[in-house]
Amino acid sequence: MGITAGKSMLALLAFLAFASCCYAAYRPSETLCGGELVDTLQFVCGDRGFYFSRPSSRINRRSRGIVEECCFRSCDLALLETYCAAPAKSERDVSASTTVLPDDFTAYPVGKFFQSDTWKQSTQRLRRGLPAFLRARRGRTLAKELEALREAKSHRPLIALPTQDPATHGGASSEASSD
């Protein structure tokens, strides 16, 4: 009951296959240079973009650029991802925070003059100056004042009365002497 040569050869081949798989898993990563490095960075980083040197927050004294890291030394996925740019998030980007409204939600108008399309941005309000309804109110007030002024001019007396009292000038009128 000894081990035959065929069984020992089978065991040796199985061991070599297992050893080669383990070595392939733990071997150093490959090096990337030039166009291959750029293509790999574009694939890994996608729309975020990438840096050839790390951002200033990650710099230490012995920091190297990605070319020195990946072309002359080994390079792996984790190292490549450290050179990806952070996605720029706009302050007005609200796509991440979606508000779910109930199905029975109805929007009621706030007021006649404060519709959302007329009051979009403060810069537009400043460019427009006074809102139309305030200009109309001011115009109505000015129109009333002008009408009152015209009415006062149209109702002038037919005879112009003296502005000063005749008694103060020293002249006596005939009515004052007969009393």
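Along the chain as shown, the residues are counted starting at 1.
Backbone N, Cα and C define each Cβ position, glycine as well.
Looking up CYS33 in Swiss-Prot gives a disulphide bond to a cysteine among CYS45, CYS70, CYS71, identified as CYS71. Within the set CYS45, CYS70, CYS75, Swiss-Prot assigns CYS45 as the partner of CYS84, by disulphide bond.
Your range for region 'A', going by Swiss-Prot and the list 65-85, 128-148, is 65-85.
Across the region 'B' (25-52), DSSP assigns 17 helix, 1 strand, 10 coil. Checking each of the recorded positions ARG48, CYS70, CYS84, THR163 against SER154 (O-linked glycosylation site) by C-alpha distance, the shortest gap belongs to THR163. Listed recorded positions near CYS84 (disulfide bond): none (candidates CYS33, CYS70, CYS71, CYS75, THR163; Cα-Cα distance within 10 Å).
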